[in-house]
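In what follows, a single structure is set out as structure tokens and then discussed.
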Ligand SMILES: NC(=O)C1=CN([C@@H]2O[C@H](COP(=O)(O)OP(=O)(O)OC[C@H]3O[C@@H](n4cnc5c(N)ncnc54)[C@H](OP(=O)(O)O)[C@@H]3O)[C@@H](O)[C@H]2O)[C@@H](O)CC1
Ligand SMILES: Nc1ncnc2c1ncn2[C@@H]1O[C@H](COP(=O)(O)OP(=O)(O)O)[C@@H](O)[C@H]1O
Ligand SMILES: [K+]
């Protein structure tokens, strides 16, 4: 990833988390290249690009109409097709009776944008340092075609509108949509209307907070579903004939910091595992956890009812961890590997080992996969392929990736999770979801969804124990 904040962002501090930062659930995500391929497929299937732009502009006009609520609108148009969407929206808003002004940064440079400009019958101002603002600004300057940071001059012109309500078309201008650069936009948006699909930058740091509330206008693009946003949580009700072992049995291997493994074990129980065994148990938030001495725990590794083993929480790197990881890998059961257990297991993963979920945070990821480059999505995918395991690359912008190319981006989570021990909880929840049987990627997605939903329902004052102490 390119370091430095680009010209646009020198004076910016991170935006406070805001409840209005939302994204649609289970929505497709496309890179700029994939977007262009989808656009070409549409054209091949008989939907013209001008029809796509008309649909995009109509969706922008709809959202702008509601946001403006009768107040004047200023639409800023760039030279490309993002600007084209702006001209279409201007025409449709004017036809609905809205008070619309258009200011252009440069003349239209594509055939589509030229046609959209020609169909707008109102005046076009030059976007300049003295352009008068309006209560609603529609940012249609640059979308997925941005190839370099905005100039200082344009950034300053945009910054003058800070504090106004801003609707960004596709992405706030200045953002590199694939999430490869950390350029921040000079004018963050209250609402971003993603066209056809969400883009990685809507869901990854540092750009996601600047997109505000992200809405999706489908516009008829047939986006493949390999990459998507977090789906709604599946129902958790046990089947009528459930018994404790059919709901999944989870083993949690403890290290020297026993509280961490205790949290994982409690989380596995709370997330629906029917039976949870904690090796050499120390303090644990729930007394329903079965604590066993190391010898008895080792004997358990062969128990055919075991659905998943969790190792890593509270277990620093060293010989003891290497031995513990070796034993659980030999057991051939589905695994959750957290913290230093990831690096310890890596050389053996994918060589006939059972399904595994790895749960690295940023530092652990960098230690285990120091050579990987690209966006967080690309790095998570490359790690998953290398380890032949599902990777939950944690953080405020958690990304879940599978070796077969599936990705779920979980932005926005809950910032109340930024407290010690919540990663131990996530590892235990992964254990519960994995122990149900089924696909490890689906288990990881369900675990992240459970974790975030639980954190949101608790909110202010959350400590890791709260995630597991009560059913609600
Ligand atoms: N795909 C779809 O299905 C649909 C896409 N649609 C819309 O199209 C948008 C993509 O349009 P796009 O490809 O024309 O690119 P766009 O973002 O308008 O910018 C390109 C222009 O900006 C210029 N330029 C770039 N960076 C610059 C900089 N820093 N400073 C100055 N100039 C810079 C660049 O010039 P160049 O780099 O060639 O010098 C070029 O002239 C997409 O986001 C969506 O809104 C919808 O209409 C419907 C369906
Ligand atoms: N700002 C944030 N927004 C959403 N989730 C967060 C944020 N900060 C941390 N998290 C989540 O909290 C958990 C923290 O895990 P980790 O760093 O391993 O903590 P620990 O090792 O203390 O248990 C992860 O699931 C991470 O995704
Ligand atoms: K834009």
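Any Cβ shown, glycine's included, is placed from N, Cα and C.
A TrEMBL annotation is a machine prediction, not a hand-curated record.
These features come from TrEMBL:
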type    : residues                                                   : note
REGION  : 1-20                                                       : region 'Disordered'
DOMAIN  : 35-227                                                     : domain 'YjeF N-terminal'
BINDING : 81, 82, 83, 84, 85, 143, 144, 145, 146, 147, 148, 149, 170 : (6S)-NADPHX binding site
BINDING : 82, 139, 173                                               : K(+) binding site
DOMAIN  : 227-472                                                    : domain 'YjeF C-terminal'
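For residue 170 ((6S)-NADPHX binding site), the same-chain residues lying six or more positions away in sequence with a CB closer than 8 A to its CB are 56, 82, 85, 143, 144, 177, 192, 193, 194, 195, 199. Residue 173 (K(+) binding site) has its Cα within 10 Å of the Cα of these binding-site residues: 146, taken from 81, 83, 146, 148.
Summary for the binding-site residues 85, 139: the Cβ-based neighbour count within 10 Å is maximal at 85.
When secondary structure is read from DSSP and collapsed to three states, residue 82 (K(+) binding site) falls in the helix class. Residue pair residue 83 ((6S)-NADPHX binding site) / residue 139 (K(+) binding site) shows a Cα separation of 9 Å.
The (6S)-NADPHX-binding residues named in the record, 81, 82, 83, 84, 85, 143, 144, 145, 146, 147, 148, 149, 170, extend over a maximum Cα to Cα distance of 21 Å.
Excluding 82, 139, 173, which define the K(+) site, the same chain contributes 76, 78, 83, 86, 140, 141, 142, 143, 168, 169, 170, 171, 172 within 8 Å (Cβ to the Cβ centroid), listed in sequence order. Annotation note: residue 139 (K(+) binding site) sits in a strand segment as assigned by DSSP. A simple way to gauge crowding: the CB of residue 82 (K(+) binding site) has 28 other CB atoms within 10 angstroms, across all the protein chains here. Long-range Cβ contacts of residue 146 ((6S)-NADPHX binding site) within its own chain (separation 6+, distance under 8 Å): 171, 173, 174, 175, 176, 177.
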